[in-house]
Amino acid sequence: MRVVSGIQPTGNLHLGNYLGAIRNWVRMQDELEEANRAQAAAGGSADENQCLFFLADLHAISMPHDPAELRRATLEMAAALVACGIDPDRSILFNQAQVPAHAELQWLLNGTARMGWLNRMTQFKDKSGKNREGASAALFTYPVLQAADVLLYQATHVPVGEDQKQHLELARDIAQKFNNDFASDDAPVFTLPDPITPPDAARIMSLRDGTAKMSKSDPSEMSRINLTDDADTIMKKVKKAKTDAEPLPSEAAGLGGRPEAYNLVSIYGALAGTSIDAVLAEFGGQGFGVFKPALGELMVDVIAPITARFRALLEDREALDAILAKGAAKARERGAPTLAATYEALGLVRG
Ligand code: TYM
């Protein structure tokens with residue numbers, strides 16, 4: 001198994017990223033380590049199963065950005081991932097900018113990706129908004145870079161939130177067409193990756209609008225819980241979260257048509273590691289005056305230790321640089337054979 005995933009280093013890591021993606025990365029890292037141990041014990045290779053996690057800094061330049069801010073956010077996001085439990089000794093943790101093969105492979109795959117496929121990407125439509133003509137070319141071709149990110153490492157599994165699934169479908173389409181066009185059936189150049197979405201928290205919504213996803217780009221700080229928020233801020237944001245006036249129902253079906261209530265209950269379930277029904281068995285019939293403080297306290301319990309580790313890691317800039325440099329060296333080594341095979345398959349002469 002080869003697990004690959006990325007996150008853009010823009011702004012703060014929020015609860016949606018954590019519950020929708022990062023927590024799942026940590027789980028997979030731990031599971032793969034178990035699998036490697038079992039394999040080594042049986043006399044096989046000890047690093048056949050590998051996790052690669054990266055900061056998608058090359059993706060971040062597809063939107064207007066401040067270079068100093070990007071530099072700062074990249075290091076902060078690296079610290080945040082380690083604070084959440086990504087262990088740079090067990091997983092390969094790096095940023096794309098230190099592994100030029102990502103950008104190289106994107107160019108090579110641009111020949112295979114079709115305009116029509118990219119035109120269908122909902123994220124481009126969302127992010128370019130009404131100003132399609134003024135959007136960067138990078139925003140349009142971004143999903144090809146995302147395909148390169150995973151295909152470079154022969155990823156088998158890509159843990160992502162619901163919103164990234166369409167990009168993964170595209171990566172599969174690109175891989176399949178490339179293999180068909182330029183490789184023989186018994187020696188494909190690329191592995192088709194499978195998206196893995198955690199069933200318990202695939203989509204965490206804004207605290208201000210239960211129909212919009214919790215996002216770094218939402219201008220309202222009250223819409224999201226950042227993993228750097230202190231206890232008071234978390235309690236305040238939860239207290240102010242939009243809700244309706246009804247008490248909670250005792251079964252999940254009763255949350256239909258109540259997106260804000262559904263969101264808060266599912267966040268509780270995800271944090272507590274239980275189902276929505278189990279949360280409602282405990283809080284059904286209660287109003288938000290009771291539920292919100294309980295939710296806030298649970299959030300603080302989960303987030304406070306992460307924040308403490310994050311702050312300590314940020315103190316040591318040299319250590320963070322070293323983590324990313326080491327990860328990038330390993331990633332360059334892992335990606336080299338696939339990049340070489342791609343050049344070769346396309347008939348590009350490299351001496
Ligand atoms: P990004 O940086 O927007 O988000 C990182 C991960 O967090 C998930 N996520 C959420 N999950 C649940 N609820 C939410 N509100 C929420 N917001 C974000 C995302 O689904 C994602 O898994 N294009 C990607 C980064 C990327 C990538 C890749 C991912 C670049 N190359 C290759 C996987 C494989 C992005 O912008 O994610």
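Residue positions begin at 1 at the first shown residue.
Including glycine, each Cβ sits where the backbone N, Cα and C put it.
All annotation found in TrEMBL is predicted automatically rather than curated by experts.
Pulled from TrEMBL:
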- Gln8, Pro9, Thr10, Gly16, Asn17, Gly161, Glu162, Asp163, Ile204, Lys213, Met214, Ser215, Lys216, Ser217: ATP binding site (BINDING)
- 9-17: motif ''HIGH' region' (MOTIF)
- Asp149: L-tryptophan binding site (BINDING)
- 213-217: motif ''KMSKS' region' (MOTIF)
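Residue counts of the motif ''KMSKS' region' (213-217) by helix, strand and coil are 0 helix, 1 strand, 4 coil (DSSP-based). Each of the binding-site residues Asp149, Glu162 was scored by other CB atoms within 10 A of its CB, and the lowest score goes to Glu162. Within 10 Å of the C-beta of Asn17 (ATP binding site) there are 25 other C-beta atoms, taking all protein chains into account. Rounded to the nearest whole angstrom, the C-alpha distance between Gln8 (ATP binding site) and Asp149 (L-tryptophan binding site) is 13. Lys216 (ATP binding site) counts 17 other C-beta atoms within 10 Å of its own C-beta, drawing on all protein chains shown.
The CA atom of Asp149 (L-tryptophan binding site) is located 18 Å away from the CA atom of Glu162 (ATP binding site).
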